[in-house]
Structure formats: structure tokens, C-alpha cells
Amino acid sequence: MENLSTKDIVKKYEFRFSKSLGQNFLIDNSVLGDIVNSAEVNKEDLVIEIGPGVGTLTKELLKKAKKVCAIELDSDLIPILNEELKEFDNFELIHKDALKVDFKEIIGKEDSVKVVANLPYYVTTPIISRLLNEQYKFKSLTIMIQKEVGERIAAKPNTKEYGALSILVQYYCDIDIIRRVSPASFIPRPKVDSIVLRLSKLDSPRAEVKDKDMFFKVVRQCFNMRRKTMWNALKGLKLPGETIESAFKNAGVDQKRRGETLSIAEFARLADSICELL
Ligand code: SAM
């Protein structure tokens, strides 16, 4: 089988890029190598790839994994992928929207599952949120995303990047920044820089909470109104003033602080104190 580059495959099939599907294909082999190596894929793994494009990353994953299941939305890419990857019997292609696909069904009984993707930037946050919130059984998520989103994910308290997305990911995962990637590594070139992150799922969430929904509700409320004090932000929960006041006191958190200064442990204490008073 000839080893065609991304550019060769695009040319061979006269593929036309769709901007609205976030199609920026990787052409840089050093980035490709870093993604595959940092994902630490081995013959026990089911790899789920979101958005395989013309299959450049997919091919490298297929050489290392037990099986690769790729989810691609663009109908024009389906015949290209089937043709270019036909030599691999461990490849499964699902022609669907990754936001709607049934991950539980894909994962089945596999117990070593890793997600690897050069994500379409317009759906980065919904895909990450879905994978984490819905408690799928995967070990890690190695993703290339827009640099700014990566910085928000890895942000620490007291920075302008710290927000609900940082807390969601850090609550469930350890984060490793693998490398930065310039627009020159793609065709067509995106307008923004990219970053590769590895999110390794923790055995249990970073903080124990009585009610996850309340924890994330408090977090969202505080970051929806990030300029306001916690006290003002939590008025949105529509609870009696005394309840909120007691919750701050019991949690040992000053109600005049802003949400962006709180650690995950402090958010957890506050949410638990609210639950205890309800
Ligand atoms: N993996 C390829 C690479 O690295 O060269 C392509 C990455 S490109 C940034 C994103 C891919 O995701 C495209 O192939 C695009 O068609 C696909 N895509 C876009 N939206 C999608 C969705 N909602 N579900 C599944 N795939 C999607």
C-alpha cells in the first residue's frame, strides 16, 4: 500500500474543505508523532477518534491500537476513508455527528478506551463536556484544540482564563500540556494557534461532593457573573438569603470573594454546605 501524505490524498480525491465543519487537516509529521506517542496507545486499546478527516492520524493509531473507531460527519470523507484505510481490519467508521453518537454502544465491553482527536474547533467544548459529564468509561482524551481553549482548560484560580471549563476538566482529569502547534502545520491554515493536551481521567473526581449537579450549578452561577461577588452571583440560585449566608459561613468561604478566586475544594465545600441546609 502506498504511503500517501494528507496533501496527496486531498489532491487524489479533489477533496473540497468545509469551513463550517472545522476542517483543518494535519500535515506535520512531528505533531502527528507527538499526538500518537502522548496518547500511549497499545494493542489492548479501543481508540475512539473524533473527526478523522482523510485518515492521516487514524492510520498511525490503527498501527498501534487493538481497534480504532472513527466518527466522521462529512459524507464526502466516508468513501475516502474506506478506500485509504481498507488494509486495516481493526478499523470501524461511523458516519455520524460526534455530539449525537451513542458512545456507550461504541465502548461496549471494552475496558481500555482512549479518545484521540484533532477536534473540529467549533464543537470542542460541547464534545469535551459531553465526554466528561456523561461518565463514559475512557482512560484518557488526547486532543488538539485551539490554544486559547487549552489555556482555559489548564487555568488556575486567580487568572482571567480560569472558569467553568477549567473546573469541569480539572474535576475529572489530570492535564498534561503536550505541545503548541502553529497554523503552518495544517491545510488550510487556521487563523489561530493550537495546542495538544492529554486529559487523564482520575479514578475518582478531584473533590468528593454530596450532589454533583449542585456543585456544577454553583460553579456555573459564579462564572456567569464573574464580575460579581459570590454572594451576588449565588442570589441566582433563588434560595433564601439566610441559607446562602449560612452556607458561606459553614464552608469557611468569604462571601465577598469572586468565583474566579475559589479552588475546586472550596467550590465543593460551598456546594455541600448549601445541600446540608436544603
Ligand atoms: N483528524 C484529521 C486531521 O488531523 O487531519 C482532521 C481534523 S479536522 C480539524 C476535524 C474533522 O472533524 C473533520 O474531518 C470534520 O469533517 C470532522 N467533523 C466536524 N464536525 C464533526 C462532528 N460534529 N462529528 C464528527 N466529525 C466532525
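Just so it is clear, glycine is given a Cβ too, placed from its N, Cα and C backbone atoms.
Feature annotations, courtesy of TrEMBL:
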BINDING   Asn24, Leu26, Gly51, Glu72, Asp97, Asn118  S-adenosyl-L-methionine binding site
DOMAIN    31-203  domain 'Ribosomal RNA adenine methylase transferase N-terminal'
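Non-local neighbourhood of Asn118 (S-adenosyl-L-methionine binding site): Asn24, Leu26, Ile35, Gly51, Gly53, Leu57, Ile143, Met144, each in the same chain, at least six residues away, with C-beta under 8 Å from its C-beta. With every protein chain in view, the residue among the binding-site residues Glu72, Asp97 whose Cβ has the most Cβ partners within 10 Å turns out to be Glu72.
Mean pLDDT, taken over the domain 'Ribosomal RNA adenine methylase transferase N-terminal' (31-203), works out to 97 on the 0 to 100 scale.
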